[in-house]
Amino acid sequence: MGTAKTASYDELRMRFPTVDTMRDYARTHAPHFAFEYADGGAGCDAGTTRNRTALDAIELLPRYGALAEAGSTEISLFDQRYAAPIAISPMGTPGIVLPGADRFLAQAAQAARVPYTLGMIGGATVEEMAALAPDVLWFQMLRCSLSDHKIAFDLMRRADACGVRALVLTMDVPVYTTRPRATLAGLGGSRFSPNARMMWDIATSPAWFAALLANGIPRFANLKKYMPPSASINDVIAFTQREIGGAFSWEEVARYRDFWKRPLVIKGILHPQDAEKAVALGADGIIVSNHGGRQVDALPASIDCLPDIVKAVAGRTTVFLDSGIRSGSDIVRALALGANATFAGKAFLWSLSALGAEGPAHAIRILQEETRATLAQLGATSVADAQHVMTRHIPRSWAALR
Ligand SMILES: Cc1cc2nc3c(=O)[nH]c(=O)nc-3n(C[C@H](O)[C@H](O)[C@H](O)COP(=O)(O)O)c2cc1C
């Protein structure tokens, strides 16, 4: 992890040619708790596996003869140009994977010109991240109903004041569920109480420990303002578990929509009728997502829900897809099934474990280059062109069940 001089893309590509190779490395080299926190899904991991199985099953039919050279991966989202149809998903406490992670993600996204989504329970404030990633910063919020949503409205005010490009509201955390692998690794309890294995892992992971010394203990930085100065880390965890999250009602989402004047994206949609509700409320975008398989392992793969949702919204909102994205092939699969762009979470966490601060830039570059190559292989000249690529997969529509 981490190198003294900055390695070139070619040097890094020889070591880590794909996102999956970074995951393999993370599994064996990252502190055990860090890998388990990032990688472990809900229940028996069936949801994370299903995301992968569903994506792998989609075939794309190439056309040859018309395309002179590889096309562009650029896209336009909410009147702004981005370099590729890939965004960094919001992740609470990525600093567990590597202290300072929020900063490394933001810097890489700004340099590469792709959206970076800071989570409200992330490890840096929205003001700090706006200074680092002024052109690409998005901000994600969970429901926060305390004092008639007072904190939520203040956070939106702060995000607006520092020029956040889009607000993402997460709908799919009506409850906190258990991720057994993270729990067994010593995380996910109501108190922070490192177990012996965690202490050993920290002591034997010099890169992680150095990042801790340089960047401090991962903390819920955005919430500090609302806590008494004397609040301990366990007070903050208790506050977060008590006050943040819970089931958003559509009426509450409508209040947030009225307040927030910039682009609004609703995250965690799987049902076409929920997608229609989001459109009716004035959402500028929706993220078709099963939270990367981290909420309940019985949820469908989000890619399997995508076609019905694309049909239901019929171009009235921007459609994003996340959950399971690991490669350019996956990104183009989602585009071919009607998504406008994709998000990825774990791919970027593994990159941090594999390459430290340099990881996110490498992951973005891999995904962008693979997307460019896949589009060219299929005869698509642009991201928009991908929607004309023929796909074949087992139809798994829910529509027939209604
Ligand atoms: C460690 C971790 C923490 C996450 N925390 C949040 C969060 O606080 N809010 C949220 O909306 N989604 C959260 N997510 C879900 C991601 O935003 C995204 O939906 C998911 O990671 C996509 O699947 P993928 O990891 O397979 O790419 C988290 C994901 C991970 C891996």
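Cβ coordinates are placed from backbone N, Cα and C, and glycine is handled just like the others.
Database features, via TrEMBL:
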type	residues	note
DOMAIN	11-396	domain 'FMN hydroxy acid dehydrogenase'
BINDING	Tyr37, Arg179, His291, Arg294	glyoxylate binding site
BINDING	Pro90, Met91, Gly92, Gln140, Thr170, Lys267, Ser289, Asp322, Ser323, Gly324, Ile325, Arg326	FMN binding site
ACT_SITE	His291	active site, proton acceptor
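Other than Tyr37, Arg179, His291, Arg294, the residues of this chain whose Cβ falls within 8 Å of the Cβ centroid of the glyoxylate site are, in sequence order, Gly40, Gly41, Ala42, Ala182, Gly292, Gly293, Gln295. Comparing local CB density within 10 A for the binding-site residues Thr170, Ser289, the maximum falls on Ser289. Only Ser323, of the binding-site residues Gly92, Ser323, Ile325, have a C-alpha within 10 angstroms of the C-alpha of His291 (glyoxylate binding site). The FMN-binding residues named in the record, Pro90, Met91, Gly92, Gln140, Thr170, Lys267, Ser289, Asp322, Ser323, Gly324, Ile325, Arg326, extend over a maximum Cα to Cα distance of 22 Å. By neighbour count, meaning other C-beta atoms within 10 Å, the densest spot among the binding-site residues Pro90, Gly92 is Pro90.
Same-chain residues at least 6 positions away in sequence with a Cβ under 8 Å from that of Ser323 (FMN binding site) are, in sequence order, Asn51, Ser289, Asn290, His291, Gly292, Gly293, Ala301, Ser302, Ile303. When secondary structure is read from DSSP and collapsed to three states, Tyr37 (glyoxylate binding site) falls in the helix class. Around Ile325 (FMN binding site), the same-chain residues at least 6 positions away in sequence with a Cβ under 8 Å from its Cβ are Leu55, Ile86, Ile331, Ala334, Thr342, Phe343, Ala344, Ala347, Leu367.
Closest in space to Arg179 (glyoxylate binding site), of the binding-site residues given as Pro90, Gly92, Thr170, is Gly92, taking the CA atom of each residue. Taking the C-alpha positions, the distance from Thr170 (FMN binding site) to Tyr37 (glyoxylate binding site) comes to 20 Å.
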